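Colleague: Take this structure first; my questions come after.
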Amino acid sequence: MDDEDLARAIALSLQDHKEKRPEVITIDDSDDEQAESGGEDAEFQAQLRRAMEESKAEAAKSSTNASDTPPTQPPAASSSNGGAASFLAQRAQLERERLERQRRQQGKINTATKPSASEAEDTDAEESEDEDERPAKRRHLASSSFTGKLTQEASSSKASLPEDQIFWNGELRQTATQYAEPRGDGLPTFRLTQVLGQKSELAFAIVSSYALDVPWLYEFFNPSVPVIVVAQPDANGQASIKNILPHWIKTTPPLRNGFGCQHMKFMLLFYKTGRLRVVISTANLIAYDWRDMENSVWLQDVPLRRAAIPHDPKADDFPAALQRMLHSINVSPALKTMINDNHPNLPIKHVDELRQRWDWSLVKVHLIASIAGKHEGWPTVIKTGHPALMMAVRKMGMRTGKGPRAKTLTLECQGSSLGNYTTQWLNEFHWSARGESAEDWLKEPKARREKLPYPPIKVVFPTKKTVQESAAGEIGGGTIFCRRKQWSAKNFPRENFYDSKSKAGPALMHSKMISGMLQGNAYTAKKSRNYVPSDSEDEVDDDIQEVTPGVGWIYVGSHNFTPSAWGTMSGTGFTPILNISNYEVGIVFPVKDEAEANKIACFQRPPKKYVAQKDEPWMQEESVYHQ
């Protein structure tokens, strides 16, 4: 019996074993704690041994059946079930170790390993990121300038466009979920097969996820396609580069003392025609996120230039921000390793070629990345975390201004995990969301900042009742996190909470979305006559352009609304310091009116405020299903 037959037989045997267990997905998601799953390692290995013994007797039959099975169903309709949280985190690593042992013994690794249903479950456990780490929900956006306009194509996601559809002007959609098919709002969705496009046309891919099921993901690619996977580092937090499958390299960025998360969800898909597809998502690369939870996906196809342009180290546009991000998450050495490892003809040889060789002129959204670590000085600080959001707000002409002519900005912050909120941090974030420099914020005495009232921020998070009444019920709430100690804290902003309900139907959302709506006089990007910029802002203000006024902006990406994801400011106005725990990425773009904002939002707008003394947020830790 060869390795391929054995792997397929093991997959079937483990699937039979798993189907006897209830499907309960639990992923711990806390700034203070990381999920531990070591106790399940022995359990899995025992299951694996039993499966191998059982499969040997049925190898011929199993391999025949498996060989007739198509690679993988579209994600939302996949038959692979999610598994217990602690079990999930180990599966992909164990599979890699098994394949590595085979390679040492035989001089090669099986290139057609069929993932078991429990493998698809295992990686869900790795989603137990820090409080800010859960993906967002999808919505469809399409227009020549990517202003957020949604197209009404079909009432069923099954009628969504085919896998060979190209989106030169960008597209934002929610993902399909088995609990809302078709969607209640009639908008089209994305499935993973559509996001990846034609399998035979892919030449190279760079993908990133926190929770990761490599065997499951492997089925979506031809075995010969080289892939770089950006993933969560080990507990020591050290950067690493490892070969995990033939033509597959896993790279991890550093995390200080192992704390925080590599929480980015993105893809760079290079096709044989030269086209590049950029994907920013809220969904982890696991079956559960593409089948049971509603997420958000933005993607845009970018053509090759006719001739390369020179490298510009001062550039600060979308591709420049993307290149900085890739350098920070250890992609550059991984790319070099892959080129030296029998792939000299990759469509890209160096990260900085992205801006030189591809034409980004149609990309109208702004890329917002959070880079884990300590950032000091204005040139560095404004390129990451919520100060980077501040810069994007200015570029969009959405700065509120200060004084009597200032506009009012109301934020609706939706996500799947909550942070430890203080009035100081909420005002700090709101300050950047207004497009105002943190220099003025840091000039305020700390004692005064700590006593400010809460800004106009609505925290959009599902109530316990909403989770219980969803199609999946409490069992489906394993990746949505609020802790009792957060909610019960003396000064926690309980009055700022609003219910999060999907527009698709009775599905739960793993989306992360922020809407910033402006109110006030007709806004212009010109500076207020009463406003005198600080020294650190002079260069920034030179970049502000006259733009068509809008009512606000929307952010979509991996950032939950937490300090770990967006960062915390300290230092002085002259020497600012920004500390960020996580690696995150998302996009932000303007919306022209409330109707457009309502269409784009993944949650029902306006959200319904919690009823005092009655409503409480869903707390996974208090559910009998997630003990």
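Positions of Cβ are set from backbone N, Cα and C atoms, glycine also.
Okay, these came from TrEMBL:
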type	residues	note
ACT_SITE	His263	active site, nucleophile
ACT_SITE	His510	active site, proton donor/acceptor
BINDING	Lys265, Lys512	substrate binding site
COMPBIAS	26-43	compositional bias 'Acidic residues'
COMPBIAS	50-59	compositional bias 'Basic and acidic residues'
COMPBIAS	60-92	compositional bias 'Low complexity'
COMPBIAS	93-103	compositional bias 'Basic and acidic residues'
COMPBIAS	119-133	compositional bias 'Acidic residues'
COMPBIAS	142-159	compositional bias 'Polar residues'
REGION	14-162	region 'Disordered'
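How buried are the listed features, and what sits near them?
Modeller: Of all Cβ atoms in the protein chains displayed, 29 besides its own lie within 10 Å of the Cβ of His510 (active site, proton donor/acceptor).
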Colleague: C-alpha of His263 (active site, nucleophile) to C-alpha of Lys512 (substrate binding site): distance in Å?
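Modeller: Cα to Cα, His263 (active site, nucleophile) and Lys512 (substrate binding site) are separated by 12 Å.
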Colleague: How many whole Å apart are the CA atoms of Lys265 (substrate binding site) and His510 (active site, proton donor/acceptor)?
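Modeller: The separation of the Cα atoms works out to 12 Å.
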Colleague: Report, as a single number, how many Cβ atoms besides its own are within 10 Å of the Cβ of Lys512 (substrate binding site).
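Modeller: A count of 32.
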Colleague: Applying a 10 Å Cβ distance cut-off over all chains shown, what neighbour count does Lys265 (substrate binding site) have?
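Modeller: Here the count is 31.
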